[in-house]
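These features come from Swiss-Prot:
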- 5-238: domain 'PABS' (DOMAIN)
- Q34, E109, D140, G141, P165: S-methyl-5'-thioadenosine binding site (BINDING)
- H65, D89, D158, S159, T160, D161: spermidine binding site (BINDING)
- D158: active site, proton acceptor (ACT_SITE)
Amino acid sequence: MAEMELWFTEQQTPDLGFTCKITKTIYTAKTQYQDLAILETKQFGRMLVLDGAVQTTIADEFCYHELISHVPLFTHPNPKKVAVIGGGDGGVIREILKHDEVEKAYLIEIDREVIEASKKYLPEISCALDDERAEVIITDGIKFVSENKNMFDVIIVDSTDPVGPAVGLFQDSFYKAVFECLKEDGLFVAQTESPFYDQDLIKNVFHAVKSIFPITRLYLGFIPTYPSGLWSFTLGSKKYDPLEVDVSRIKRIDTKYYNPELHKALFALPTFVQEIIK
């Protein structure tokens, strides 16, 4: 009799999916907000899945976490106070705390169970959550941002896809609240999905942010386990332009993806992406 194999498939569009071989189901739970699973995969190591969608894996998490963290943190000349909306796995906090000038990094996560599961089963990613410079606040990110004004140098929106609890993180009213939550020279970045499959979302978010922030930039990165592998990030800034960064500052931190040469290259957009945000 042939040995039975277990495969996981994420349906990324109605007509396309991402499939990988599973060697073990490590943990599953139905939280107050979503279905949570941690799977052991043959190709990518341990994988965090929320509501059937891959959030991160041990093998490729550095791509996403470095891109969403270091671009804004090197764009701001002195980011002392940083907030992460979402990102319960802790990967963004880990990258933020590589910057010595950061005095406090706040993780604003609605689902406590994501944090607890990540700390237990994904220690390589969540390792900085107990750092003395990190503070975890369990609350709704939209509520938190709307209740705090002129507070942060950088805000990073590390949200899940725009369904379920994350829907409000892609709306104009949220970006206005982010603007007010930032200090007078603050900036923010949000993950904004795939240019292949989410063109309307990227266009709408880019123009919403552009109507609020003096400087708005879109940049791209490669994340193998995300839909299409090509991923977009939208940055809104009150004062500092990521295209004017002194890239010599970038060499002083330890990274696997992000580097000085890559920083400005991230903002060189393919023609079809330029067309999306026209």
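The backbone N, Cα and C atoms fix where each Cβ goes, glycine too.
Model, not experiment: these values are computed from the prediction.
Taking only the Cα positions, the spacing between Q34 (S-methyl-5'-thioadenosine binding site) and S159 (spermidine binding site) is 13 angstrom. When the Cα atoms are compared, G141 (S-methyl-5'-thioadenosine binding site) and S159 (spermidine binding site) turn out to be 10 Å apart. Secondary structure at E109 (S-methyl-5'-thioadenosine binding site), as computed by DSSP, is strand.
When the Cα atoms are compared, E109 (S-methyl-5'-thioadenosine binding site) and S159 (spermidine binding site) turn out to be 10 Å apart.
If you take the Cα of H65 (spermidine binding site) and the Cα of D140 (S-methyl-5'-thioadenosine binding site), they are about 21 angstrom apart, rounded to a whole number.
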